[in-house]
Structures are given as C-alpha cells and as structure tokens.
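Data block below; observations after.
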Amino acid sequence: MASLSRFVAKSCSLHTNDCVYRRPRPLIPAIRLQAAHLDVRVGISVPENGKGLAIHSKQISPLVALGAPSSIIPASRNVQVKCSAAANVSGDIPTPSGMSQYERIIETLTTLFPVWVILGTIIGIYKPAAVTWLETDLFTLGLGFLMLSMGLTLTFEDFRRCLRNPWTVGVGFLAQYLIKPLLGFAIAMTLKLSAPLATGLILVSCCPGGQASNVATYISKGNVALSVLMTTCSTIGAIIMTPLLTKLLAGQLVPVDAAGLAISTFQVVLVPTIVGVLANEFFPKFTSKIITVTPLIGVILTTLLCASPIGQVAEVLKTQGAQLILPVAVLHAAAFFLGYWMSKISFGESTSRTISIECGMQSSALGFLLAQKHFTNPLVAVPSAVSVVCMALGGSALAVFWRNQPIPVDDKDDFKE
C-alpha cells in the first residue's frame, strides 16, 4: 500500500516552488513554472507592446508538462498556466494523462483496498484453508516486503521534511503512541476483558501507523505527504514504543517479552525500510525498475496479510464474534474521533483529517505477528485479526464521508515543503 504515494506524488506533487518571469520582448521565453500541488488556474496575456503583464482568472484545461524546458512563444499569444501555492495534497485532483494504463489499474486496485479486505474476511471465515497457509515465517516475509516497498518510495529528503514540520508530525506521533494505547488500556479495563484478549487489544493499540492510512488519507482529501511522513516516523518509533508501551500497560496482565518484541519489530519493520530508503537513494535506476512491479505485489500481499489472520482465528470468531468485535470497534471509533477533534484545536481541516486517520489506522498485521511469536496464548492474536477488518472498513467509511465534505477555501496550511 505504501507504493500509492508514488502515484499520488506523480499526480499532484512537485517539490519546488518558484516562478520565474523575464521581461517581455517581441519574442519572449515562456514563463517557467515549477509549482507544488496544483490548484489555482489563471490565464496570462502579454500585450503587444511588451510593457505590461495582465493576469486574469479563467477556467482552463491543465497543462500536462509543468516545469518543461523554456520554449519561444509569440508575444501576442495567450499563455495559459495552471499554478498553485498550496502544500496540502488532497485526493480530489484528477488523474494525469501522463500516468500509464498499468499505473491507473494499480491505483484503482489500491484504492479499492476495503473491498479486498471484505472479500478476504469472507474467505478467511468460511474457507480458512485458502489463506491460512500464510503462516508465521511467510507472514513475516510478506510484512517485511511491504515495509521494503514503503522504503523504496522514501528519500533522505523526506526525513528532512519531518524536521521542517516537527510540531505537525510530532502531534501525529503522540496521537499514535499516547491516545491510542491509553484508549486500548481503558477499553480493556472498562469491559473487563480476559487477560489474553486485554493484552491483545493493548498490543494492537501500541502498533505503528499502517500503510492503508495513506490510501484513506488520499480518498478523504487529506494531506498525503504528511500521512506518509507520519507513517514513516511511527514505523521507526515502533522499535521502542511498541514493546515499551505493551510492557507498561499489559505487563501486569501477562508476561511480556519486551526485548523479544523490540528485536522482532526491528527485523520486520526497520531493516526492510532502511534497505528500501538506501536503495532508492544510491541506486535510483535500479529501484525505478523495481517500483513498477511492487505495487501489484503489494496489493496482493496486503489482501493476504488481512485475510490470513481472520482465517487463523475463524473458529474463535464464529463462537465469540460479538464479544471480540465490540472492544476493537470502539477502540478505532474513539481514536478517529479524538484524533480529529484534538487536532482541530491547532490545525486546519486537511491536517486534522490526516491525523485522525493516522491515529485510527495502524499496522494490525504487525500486532498479529508479534502476538503469534511472543505470546503463548493464541487468544492474544485475536484482537489484531479483528482490527484488520475494523480498521480498514472504519477508515474507508470515514474517508468516503470526508471526500464528500469540501475543504474550506481558507483552510490553514500546516505543512511546510
């Protein structure tokens, strides 16, 4: 799912903000534009005498190639320019004609993630043998590949952008590792869940943001660039935060191997991500070839990583489904709600939507893997399996709702490119 950021970046993101205009002559160089996140459309007319520049608002078709080399344009012609000065990247921007048919298909398959989760859930419950072959070792490889695919879309510049946005990214990090874990603990204690189920609920609430949140943010007209950075930061932070918080909040219920959780998180999450970033930074030609294949594999793997946990706990879900679904559903609903309204205190609408989705959607597959490897009671893994479905359906439903709610014209720009 992380590979969607490549399509989003291709469709609505350039990184430099500069407009260069040179004084008109009988034959003038075209205005060179490299704009970030296009939104405002204007028409520019150059008078015959070359003494002035008139700008007028006008609905026009978008330019296909912004930032192309300068060309010579007769002074009497109208120059139609599509320009922008907004850092927020939202999903309401049309797909560019430059995207290949293969990329269009992959983007469509990616944004239909909730559909695949529903189908995987049905197969997992009624035909578990079709997906349970993806056991611990293969599950680990699959999750590691997803982390690698995310790393392949990142560069060192992305981490520098985190430093330029410490408050915005930091609030998302705190929402992921403060609000969500405390919610998981409070719900487990309030509903008086058994020790294994309470531990599983706390464990999944301490997991980092999931790549599916980037898809939901794109659909909801949130800030996709910010979503990718938040997911990256919470993923790296998981090496310390997930085992530490699980030990603090669930250690009183069952024995928690914090060191084992940290090592597994390091192996499955950080190593593949770093490998992907380094490959993208030092071998860009090689990674550009790999990236053309990873999205399709990523969609298939994500579906399997969602369906396999359901299949492995299918019998438990059939007998105790209602008891298990309620606490997990409440956890995600409360996280979406608190993430949004607490963000609204300081941030604009687009950023608040992004933080809400990041807070409510996490890597449930990682929680399931850690539960299987480091806890003897199989019930500890059940909340993570249920979370896969609740997270995907809840996040997608919220994203579709927000897609039909326009972003205010004067929305605050909380993200610095």
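Cβ coordinates come from backbone N, Cα and C, glycine included.
If you look up TrEMBL, you'll see 105-126, 138-156, 168-187, 193-212, 224-246, 258-278, 290-310, 322-343, 381-402 marked as transmembrane segment.
Taking residue pairs at least 6 apart in sequence, the transmembrane segment (381-402) and the transmembrane segment (138-156) share fewer than three C-beta contacts under 8 angstroms. For the transmembrane segment (381-402), the neighbouring stretch richest in Cβ pairs under 8 Å, chosen from 105-126, 168-187, 193-212, 224-246, 322-343, is 322-343.
Ranked by number of Cβ pairs under 8 Å to the transmembrane segment (290-310), the listed stretches 105-126, 168-187, 258-278 are led by 105-126. Outside the transmembrane segment (105-126) by six or more residues, the chain places 1, 3-4, 7, 95, 99, 212, 215, 218-219, 295-296, 298-299, 302-304, 306-312, 314, 317-318, 388-389, 392-393, 396 with a CB less than 8 A from a CB of the stretch. Of the ranges 168-187, 193-212, 258-278, 322-343, the one with the most Cβ pairs under 8 Å to the transmembrane segment (224-246) is 258-278. Non-local neighbours of the transmembrane segment (168-187) in the same chain are 162, 201-202, 204-206, 208-209, 226, 229-230, 233-234, 237, 241, 245, 249-250, 327, 330-331, 334-335, 338-339, 342-343, 346-347, 351, 354-355, 358-359, 362, 414-415; each lies 6+ residues outside the stretch with a CB under 8 Å from one of its CB atoms.
Beyond its flanks by at least six residues, the transmembrane segment (258-278) meets 140, 143-145, 147-156, 208, 232, 235-236, 238-240, 242-244, 246-247, 287, 366, 369-370, 373-374 of its own chain at Cβ-Cβ distances under 8 Å.
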